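The feature purine D-ribonucleoside binding site is assigned by TrEMBL to H4, E179, M180, E181, S203, D204. Taken from TrEMBL, the feature domain 'Nucleoside phosphorylase' covers 16-213. The annotation phosphate binding site is assigned in TrEMBL to G20, R24, R43, R87, I88, G89, S90. According to TrEMBL, the feature active site, proton donor maps to D204. According to TrEMBL, the feature site 'Important for catalytic activity' maps to R217.
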Amino acid sequence: MTIHIGADPGDVAETVLMPGDPLRAEWVAQTFLTEVRCINRVRGMLGFTGLWQGHRVTVHGSGMGMASLSIYANELIRDYGAKTLIRIGSCGAMQPDVQLRDVILAMTATTLSTPSSGIFRELNFAPCANYPLLRAAADAAMARGTRCHVGGIYSSDVFYDERPDLNEIMTRHGILGVEMEAAELYNLGARHGVRTLAVLTVSDHLLTHEALPAADRQSSFADMVEIALTAAFS
Ligand SMILES: O=P(O)(O)O[C@H]1O[C@H](CO)[C@@H](O)[C@H]1O
Ligand SMILES: O=c1cc[nH]c(=O)[nH]1
């Protein structure tokens with residue numbers, strides 16, 4: 001047990017999918033895994049371990065924002081031995097050719113700051129995905145015929161952003177979408193030598209102002225889950 005995860009040693013698989021929403025974790029476990037066991041309920045943050053096509057997988061919520069993800073990812077890596085961590089999240093599109101429900105594979109994650117900023121100080125570290133995982137996810141998306149974009153995303157510290165000028169700059173520089181966790185996940189992957197990737201589904205559009213309802217964000221992003229699982233075990 002750690003401070004934030006009630007699982008026993010050995011309860012966590014080496015491959016962990018991390019949605020922000022704990023109820024998305026429950027939906028993924030119930031929908032895609034067999035022999036599922038709940039391994040964490042501390043503070044209502046849900047984690048489950050089961051089997052996908054014979055492979056052991058944990059699905060564990062990260063909460064919203066890099067500060068929250070950092071707590072869970074640190075404990076999963078350092079205390080439970082997680083080796084592959086794939087974020088399965090929602091995001092807001094920032095390009096006109098990206099549509100609602102499209103999948104985005106985050107090659108890099110631009111930020112203003114992360115929980116690692118204190119370590120990097122004046123350095124503009126470039127958080128990036130593990131390339132073999134990214135390539136496997138792109139192959140899986142293509143094989144499924146999923147509308148998929150690969151490129152840079154923006155990991156923001158805030159959902160309600162008082163700096164619309166930043167969004168305009170991101171759009172002008174080809175950033176595909178905005179979410180709130182991937183950059184720190186990638187920082188931790190680099191620091192601990194583990195594989196990390198963010199597979200995202202577009203739930204909002206910052207240019208058209210379209211948005212999916214909460215229920216869809218919780219339990220309808222099946223393509224992203226299948227792509228993440230396929231990539232993890234390719
Ligand atoms: O749907 P999740 O995975 O939580 O991801 C996105 O949704 C939340 C904001 O609504 C933030 O966590 C953001 O990154
Ligand atoms: O962080 C997020 C997540 C989904 N949609 C957004 O606009 N921002």
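The chain as shown is numbered from 1 upward.
Glycine is treated like the rest: Cβ placed from N, Cα and C.
A TrEMBL annotation is a machine prediction, not a hand-curated record.
Here the features listed in TrEMBL are placed on the structure.
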residue	record	contacts (Cβ under 8 Å, 6+ apart)
H4	purine D-ribonucleoside binding site	V42, R43, M45, I71, Y72, E75
R87	phosphate binding site	L17, M18, P19, G20, S62, L69, E181, A182, L185, T196, L197, A198, V199, L200
I88	phosphate binding site	L17, M18, P19, R24, V28, V199, L200, F221, M224, V225, A228
G89	phosphate binding site	P19, G20, E179, E181, A182, A198, V199, L200, T201
M180	purine D-ribonucleoside binding site	G20, M64, G65, M66, S155, S156, D157, V158, F159
S203	purine D-ribonucleoside binding site	S90, C91, G92, L100, A211, L212, D216, R217
D204	purine D-ribonucleoside binding site	S90, C91, G92, A93, L100, E210, A211, L212
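Annotation: R24 carries the greatest number of neighbouring Cβ atoms among the recorded positions R24, R217 [cut-off 10 Å, Cβ to Cβ]. Within 10 Å of the C-beta of E179 (purine D-ribonucleoside binding site) there are 24 other C-beta atoms, taking all protein chains into account. Less than 6 Å separates the Cβ from ligand 2 in the case of E179, M180, S203, D204, drawn from the recorded positions E179, M180, S203, D204, R217 in sequence order. Across the domain 'Nucleoside phosphorylase' (16-213), mean pLDDT in this model comes to 97. For the phosphate site, whose annotated binding residues are G20, R24, R43, R87, I88, G89, S90, the maximal Cα to Cα separation is 22 Å.
Taking a Cβ cut-off of under 6 Å from any atom of ligand 1, none of the binding-site residues I88, S203, D204 qualifies. Of all the Cβ atoms in the protein chains shown, 22 others lie within 10 Å of the Cβ of S90 (phosphate binding site). Taking the Cβ of G20 (phosphate binding site) as centre and 10 Å as the limit, one finds 21 other Cβ atoms among all the protein chains shown. In the three-state DSSP assignment, the secondary structure recorded for R217 (site 'Important for catalytic activity') is helix. Residues H4, E179, M180, E181, S203, D204, recorded as contacting purine D-ribonucleoside, have a largest CA-CA distance of 30 Å. Note on R43 (phosphate binding site): other Cβ atoms within 10 Å of its Cβ, all shown chains, come to 14.
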